[in-house]
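See below for the structure under consideration.
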Amino acid sequence: MDADWGEIAQYHTQLGYRPDPTNPSAHHSAPTAVAFDTRSELLWVGKDQGRVAAYVYFLNNGIMEFQRHIAFLSHPRQQGPVHQFLFNETGVISLGSHNVHMAQRGGMCLANIGHVNMTNLRCMTFTSRGTSEILVAGDQDTMFVIDLNKKQITKEVPAPNHYFLMKKSKYICAASRNGCVDILDPITLKVINTWNTRSAQLNDMDVQHDFIVTCGASLKQGTYMADPYVNVFDLKNMRSFPPISFPPLVTYARMHPKMVTTSIVVSKTGQMHVVDIANPHNPIVRQVLGHTHLALFDVSPSGQAMVFTDTEGYIHVWGPTSKAVSFVDQGLPVEFETEQPNFASIPWSEDFPVNMVGLPHYSDALLSAWPADLSSDVGAPPAQFDQAYVDAMMPNGNVGLYGKAVAGTRRNQVVDTRSADKPQSSLQAPKFLSEKARDGFKGLTMDTSDIETSEDIVPSPIRTDIESLKSVVPNMYHLFEIKFSKFGVDDFDFGYYNKTHHSGLENHITNSYANSLLQLLRFTPILRNLALQHAATSCLDQHCLLCELGYLCDSMEKARGASCQATNMLKMLSQHPAAANLHLLDGDRIASSSAMKIQGLLRFLLDFMSRDYGKTSPGINDLENATATSSQSLIRCDQCKSETSRPQTNYVQDLAYSPVTSNGNKGVDVADSYLAAQQGVARGRMAPAKLPSFSQILKKSIEREQVTRGWCTTCRGYQPLSMRKIIKSIPQVLAANTCISSVEEKKLWATPGWLPEEVGFIIDKEHIFCYEGAELDWLIKNGKYKLYVYSLMGLVVNIEPGPTFKPHPVAIINAAHSEPQKPAKSQWHLFNDFHVKPISAREALTFNTSWKTPLVVMFQLKAANNHIDSTWLQRLDTSILYQDQSPEAEDKSYTLLDRNKEAPTPGTVIAIDAEFVLAKDFEYAVNSDGEKETIRPRIHSLGRVSVVRASGDRRGVPFIDDYINIKEPIVNYFTEFSGLTETDLDPKTSRHNLVPLKLAFKKLWLLLNLGCIFVGHGLRSDFRVINLQVPREQVHDTQELFWVEAQRRKLSLAFLAKSVLNLEIQGHMHDSIEDANTAQLLYWKYKELLESGRLHEELKKIYAFGVKHGFRPVKVAGQSAQRTETPPMVDDAQPGALLPYQPPELLQGS
């Protein structure tokens, strides 16, 4: 407390009230509750008979004066006084003996919550859920948990004791009159410790950080007398401190909200001591009251003001007399009553047009703006007939006219033009692909490739080009769900939601909340390049997230706008040992919201991917250098002034919105140089605006100076420690979590143009300076300083449609920075899972405080933009293709490739087949009609994959035959179709050497990027489960090669083997080597038919044969069934000679 502290305002609480005839002495009654608002510059006072008033101060000729701002009744007068106040963003919560009242700061009632068991309430506090939930207790046996969002009681808890005070810090501390303080767990509300203060009766208690202070009274000669000391308890170590002496007899004790070891103690007569708990022998003493006695006492959240009330009803506000006082650090502006304009009288007459009345200005949807689906056709004009149709009508005797029948409609039918004129208020779901195909064969196909989804049609009368400014969430930001038919996810038309060449990510997979963040990482060129370079190395770590990011980036580039899925990446995240501990997984009971998980996941990914990169590059860690801010952390003890330092690495900056200085970059003289360069412009013109700029916030967050309490090795005790950073280097990729926690911070982001697309940094004299806008442009033009310019890559935004909808994150990315050639202008895109849409820069960088808030922002060094590295393709480590995973096995079904003779090259033909098991079955929901709807399709896992040579001397011989070690539970092995049994995939009983999924996947990924041509049957579904994206030019699917589109039916491998190759396969069960070998035989037969010009004719015969035999493979009369061996038998005399090809009856003209 400074020497200039004194009384700065005084006000009587009865001023402004009408006299109460039933209680003439009411004006002398003292307040029963007083508290500073934690969100606004208001002082709240509660009195008897349920009266609540808020007071606001203002300066009048330099003198601080108070006046009543608002007043209302929180409960009926007969229910007694107001006991306590709490505050949150919504309003003020006041506590009576029988109810909890919640009101807006303007006085409007939001909720009045009561219960039959609320008989004598005395105290309340917030729980572990922050300001959205409170715990209420009192001189009764029951405590209540109240959800402030739902405005209802959610839980009744037996009270361990009768409490009159509760405060929350790390724990909930509840004080009872008998001298004990119970320490409750804020989640379970169970007592974890009890502190006996040794007082016969407690009078007051306060909690801040790790300390509890209490004051009480002792029983002396039959009466209670205030104790001459303050009790102190250490919450961190759960032990008592020596009491603090206070000879004037303590009545109230408070902890200072800013100085963690400072306590303020006041006596009944008004003597006040400001004491340091660590050094209580030198208190600061003040006398705050004169001839009256103290009634109540409180300290403002900013620590700049104190309030005392006396027994005569006066409020005394203390603070520094030489400067302005603020109750809160960054408070909401006080809302005053708006003055209503005087409208001119309207001359109502028959000649006065009603449209001259006009409408007041409004920003929300009017009640009259009904959505289209609530409007009725009754009274609407009839449907319009086409005039040509009317002219062609024929007379029907003397009765009237009749119209000719038109193809596609019944007689006298026309199109209902009324329904066509109605606006569509939501996105129309596309048809399933199977439905489109069926309609196509009926001649009803409608081309939807050019259909533009109507985003402008929302139930709001406000017309704007910026969707983010609308009060209702536009369609393009809504959470889209995949609809499943009996054919599964493959039947969903993803192309309807994406007309760009950028691929979206499907969201029906566990942990798919990470899709937006994965998109942001993929569109950051430096991270993309390093991930692919690492994936091309020999890394086989099963938990390497960097490899998976590289595989995902490669898949999305090869997809060219087709839908992708991050199955393997998200599966590895689920199995990562650290992810569950950090509560980053879906289904975690103590996991936070998806917004908090996104911010935690960014920190987790950058940290662990940097470790992954270091495992294969033990020297210089390029990924750490590219993503980590290197600094020296200086820790200084405020007591002994000793200073220690330690190196620190930080991958993600958490933005801190505490007040910044007027010129955060002062010290490098750049701002002054810029001002001097502006001719004819006064220096005062460049003064910064009241709102801090993004660059100021970013600079302060990177340097982050803070004061905390910790152990000092010099003092050998816990002391206040000042911490600051000396920045050594900043990374090429700068990631930041927005950490928005208040309405003020949301409004800051919602300020137009607040987030710049470029920022610049200067590191000078152990400090970092950040610039944007005109200053940055001047620095770039000047070229005097070593300036690092960063471009905004994109951001992850949280969309909150409303209380009945689930919030979800989306990515907003400038794809121009990741193009190989720099485009002429920016290319902002919205990535809402599989819905991808180009948007304007204004749309991208406009935020809405009610439903669109940023979570993560990503900047990259501008010099690295558009540097897309492809050299990793020439540095692929292919050693795994030539390594035997089962060196000790005797009956191997494969023969490894010869590195010298059979190294895969672009155009090498290989045949592949995979077998799968069921990890999760369908999930259904029953609709109102009693019909089943699929809400989640079957989830398969790769069980076995086989790759066979399809060219060369050893054609038909497999070189990969891997059985997979599956981590998740298996629901069904599909033995009849997969040939896999439980003993094949159980590590304890399998006779095969089970390999990790990553090892099997990497072999296929290497073959893909070596340019091999994949031959198989039904490869689309195989590649989907494997999560491998193969370009069309590298796939020859025999299911598509032997398909006549007009026939609709696609033929099975067994039927084609019999009808084309005269081979019987899958006689007992499926075998992947046999199926892959059959596919490559069919492929070469197709090539033969195509080159000879007989393909079209033979396809007709194949379908005719199928119709005759029901499309099932049948034995040819007089021919024994043949079955290929696994591996296929090869003639030793003629290496690579296959079984002789015998044409079936249909190819012989039968």
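Each residue, glycine too, has its Cβ placed from N, Cα and C.
Long-range Cβ contacts of Glu915 (divalent metal cation binding site) within its own chain (separation 6+, distance under 8 Å): Gly943, Arg944, Val945, Phe977, Ser978, Gly979, Leu980, His1070, Ser1072. Per Swiss-Prot, the feature divalent metal cation binding site maps to Asp913, Glu915, Asp1022, Asp1075; the stated evidence is sequence analysis.
Summarising the annotation, Swiss-Prot assigns domain 'USP' to 472-862 and lists sequence analysis as the type of evidence. A mean pLDDT of 87 is what the model gives for the domain 'USP' (472-862).
Summarising the annotation, Swiss-Prot assigns domain 'Exonuclease' to 911-1079.
The region 'Linker' annotation in Swiss-Prot covers 326-471.
Residues annotated as region 'Disordered' in Swiss-Prot: 1118-1150.
Per Swiss-Prot, the feature repeat 'WD 1' maps to 26-67; the stated evidence is sequence analysis.
The repeat 'WD 2' annotation in Swiss-Prot covers 114-156 and rests on sequence analysis. Beyond the ends of the repeat 'WD 2' (114-156), by six or more residues, the same chain brings 83-84, 86-90, 93, 95-100, 102, 162-168, 172, 174, 186-187, 189, 803 to within a C-beta distance below 8 angstroms of the stretch.
Beyond the ends of the repeat 'WD 3' (158-194), by six or more residues, the same chain brings 122-128, 135, 137-143, 145, 200-202, 204-210, 212, 214, 216, 233, 235-236, 238 to within a C-beta distance below 8 angstroms of the stretch. The repeat 'WD 3' annotation in Swiss-Prot covers 158-194.
Remote same-chain residues near the repeat 'WD 4' (290-328) are listed as 2, 4-14, 27-43, 45, 55, 57, 59, 64, 66, 251-252, 254, 256-259, 264, 266-270 (criterion: CB distance under 8 Å, separation of at least six residues from the stretch ends). Marked as repeat 'WD 4' by Swiss-Prot: 290-328.
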Additional residues around divalent metal cation, ordered along the sequence, whose Cβ is within 8 Å of the centroid of Asp913, Glu915, Asp1022, Asp1075: Ile912, Ala914, Arg944, Val945, Ser946, Gly1016, His1017, His1070, Ser1072, Ala1076
Asp1075 (divalent metal cation binding site): secondary structure state under DSSP, collapsed to three categories: helix
Asp1022 (divalent metal cation binding site) - helix vs strand vs coil (DSSP): helix
Around the Cβ of Asp1075 (divalent metal cation binding site), the count of other Cβ atoms that are within 10 Å: 26
The repeat 'WD 4' (290-328), counted residue by residue under DSSP: helix, strand, coil: 0 helix, 18 strand, 21 coil
Number of Cβ atoms other than its own within 10 Å, given for Asp913 (divalent metal cation binding site): 28
Per-state residue totals over the repeat 'WD 3' (158-194) - DSSP helix, strand, coil: 0 helix, 18 strand, 19 coil
Secondary structure composition of the repeat 'WD 2' (114-156) [DSSP: H/G/I, E/B, coil]: 0 helix, 28 strand, 15 coil
